[in-house]
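Engineer: Below is one structure. I have some questions about it.
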Amino acid sequence: MADKKHGRNAVCGQLQIAFDPPKKPKRNKYATACSFLASLASILLGYDIGVMSGAIIYIKKDLNINDVQVEILAGILNLYSLIGSAAAGRTSDWIGRRNTMVVAAVIFFVGAILMGFATNYAFLMFGRFVAGIGVGYALMIAPVYTAEVSPASSRGFLTSFPEVFINGGILLGYVSNFAFSKLPANLSWRFMLGIGAVPSVFLAISVLAMPESPRWLVMQGRLSEARTVLKKISESPEEADLRLSEIKEAAGIPECCNDDVVEVPKRPKGDSVWRELFVSPTPAIKHILLTGLGIHFFQQASGIDSVVLYSPTIFEKAGIKSDTDRLLATVAVGIIKTIFILVATFLLDRVGRRPLLLTSVGGMVMSLIFLSIGLTVIDHSDGTVFWAIALCITMVLVYVALFSIGAGPITWVYSSEIFPLRLRATGCGLAVALNRVTSGVVSMTFLSLEKAITIGGAFFLYAGLAGLAWVFFFTLMPETQGKTLEETEELFGNFFKWRSTLRELQAKEENNNAQIQMATVPAVGS
C-alpha cells in the first residue's frame, strides 16, 4: 500500500511539474545594461527638443528674428536628421551597430559646440544642420541595437529605453532653460545649446562597455563572437542556442554550420532591399511596412512636438505671462513625461503593446479636445477665466502623461521588432525618417497654424489626427508581446484579418506545448 501510495504521489508530482506554468525568468542584467547604455543616444534628441523650447525665447530677443524664422529654427533639426537616419542604416550594416553610436555622438558634439558659439542666425542654422545629422543617427541606431540584444520576454521593457531617455533629455533641456534663464539674453541661449555637447561625450565613452549586436555579427559570419554575446544577453544557454539558430536561419546560414567564422550567403544589395520593400513586396512585408511607417507618422501627427516644443507659448496663451514662470511650468511637463515613461517600461511586457497604445491614444484624443476648448474660451474672453486656465494646464500634463505611457515608447518598440532581419536597418531608417519629417512639419507650422485657425483650432486638428491614429492601430496592428523577432513576421500579411492568423498561431503553439507535456509525463503503470 505504501509503495502504491508513493507511486501515485510520484506520478502526481510528475503531472504537477509537467503542467505547472513555467516561472517567469528574471531579467538579464547584462542585456539591461547594454540597452541602458545604447539608449543614451536618445538623450541627444530629447535634450535638443527640451532646450529649444526655452532657448527660442532668448534667441528671438537677441537675434531679432520673426515667427517664421523661429518655426524654422525650432523644427528644421527634424528634417536635417533625415540625412543621419538615412545614412545610419547603411552605416550600421557596414561598421556595426556599436561603432555607429560613436559616429552619432561625435557629430552631435560638433553640432552642439557650433550652436553654442553661433554669432548670427545663419551660423546657428549650420550648427542645427550638423546636430541634426547626429540626432538622425542616434534615433535610428538606439532602438535597433536594443531590440537585437533583448531577450523576447523583456524586449518591450528594454526597447522602451530609447523613449525613456528622450524624455529624460527633454527634462534636462527644460531644467537647463530654467537654470540659465537669469543670464543676459545673449549668453543664456548659447549656454543652453552648448551644454548639449556633454551627453554626447558620455555616449561615446559608454560604447566601450557594450558588445556588438549578435545579429550583426552573424550577418558578418562571425558565429563564435555572436555565440559569446548571446550567452551573456540570454536568460539561459538553451535560449542562446535557440536565438543563434533563428538568426542563422534569417541570415541564410545552414543550421549545420557551426564554425567560428563562416561564409555568409550573398545578401541582397541595397537595391534588392528596396525592391523587396517597395517593388515586389510580399503581403507580409506590405503589412509590416504599412504599420511600421504608420505608427511613426501618427505618433508625431498627433501634435506631441507642438506641445513639448511650444509649451511656453501654450502656457502664455493660457495666462502665464512671466518667462521664468512659463519655463518652470515646462519643467513640470518634463517631470510628468519622465515619470509616466518609466511606468510604461514596466507595463509593456505585462500588459502588451496594443492595450497600452489604444488606451494612450484614446486618452490623448480626449485631452486634446478639452485643451482646445480651454484655449478657445480664453481666446474669446476679455477677462481672466481661471477654470479655463486650470483646464489648459491640466490637459497639457494629462496629454504628455498619456503619450508617454503608450504612443511614445511603443512606436519605437513596435517598429524595431516587426521588420525582418534582412530589412531591419533599412526599414527602421525609413520609419525614423518619416517620424522626423512629420515632426518637422508639425514643429515648423504650429505658429502659422495658430495664426490661421487659432491655437484652439490647431489642437482640434491634432485631436482629429489622433482619432484617425486610434482607428489605424485598432484595425491593422497585431500584438507582438512575447514573440521572438523571427516569429513576429508570421503575424503579418492578412492586414485587417490579422486576428485569425494570431488565433492559428496560438492554437499551433498550444498544441505543441500539449505534445511536449504529454511526452514528459510517463505512463502511470510504468
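These residue numbers are counts, starting from 1, taken along the chain as shown.
Glycine is no exception: its Cβ is also placed from the backbone N, Cα and C atoms.
Grabbed the feature section from TrEMBL, which reads as follows:
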- 33-58: transmembrane segment (TRANSMEM)
- 34-481: domain 'Major facilitator superfamily (MFS) profile' (DOMAIN)
- 70-89: transmembrane segment (TRANSMEM)
- 101-119: transmembrane segment (TRANSMEM)
- 125-145: transmembrane segment (TRANSMEM)
- 157-175: transmembrane segment (TRANSMEM)
- 187-210: transmembrane segment (TRANSMEM)
- 327-348: transmembrane segment (TRANSMEM)
- 354-378: transmembrane segment (TRANSMEM)
- 385-414: transmembrane segment (TRANSMEM)
- 452-476: transmembrane segment (TRANSMEM)
Engineer: Sequence-remote contacts (6 or more beyond its ends) of the transmembrane segment (385-414), Cβ cut-off under 8 Å?
Structural biologist: 143, 147, 155-156, 159-160, 162-164, 166-167, 291-292, 295-296, 298-299, 302, 304, 307-308, 311, 314-315, 317-320, 329, 332-333, 336-341, 343-345, 347-348, 353, 356-361, 363-364, 367-368, 370-371, 373-375, 377-378, 435, 469, 477, 480
Engineer: Name the range, of those listed as 70-89, 101-119, 125-145, 327-348, 452-476, that has the largest tally of Cβ pairs under 8 Å with the transmembrane segment (354-378).
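Structural biologist: Highest pair count goes to 452-476.
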Engineer: Excluding the flanking five residues on each side, which residues at least 6 beyond the ends of the transmembrane segment (187-210) place their CB within less than 8 Å of a CB in that stretch?
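Structural biologist: Those are 33-34, 37-38, 40-41, 43-44, 47-48, 51-52, 54-56, 58-59, 62, 98-99, 101-102, 104-106, 108-109, 112-113, 115-118, 127, 131, 134, 138, 169, 172-173, 176-177, 180-181, in sequence order.
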Engineer: Do we see three or more Cβ pairs under 8 Å linking the transmembrane segment (33-58) and the transmembrane segment (452-476), pairs being at least 6 apart in sequence?
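Structural biologist: No; fewer than 3 Cβ pairs under 8 Å.
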Engineer: As a test: from 70-89, 125-145, 327-348, 452-476, pick the stretch that has the greatest number of Cβ pairs under 8 Å with the transmembrane segment (157-175).
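Structural biologist: It is 327-348, which has the most Cβ pairs under 8 Å.
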Engineer: For the transmembrane segment (101-119), find every same-chain residue at least 6 residues outside the stretch whose CB is under 8 Å from a CB in it, and list them.
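Structural biologist: Answer is 38, 41, 44, 84, 88, 91, 95, 126-135, 137-138, 141-142, 145, 190-191, 193-197, 200-201, 203-204, 207, 210.
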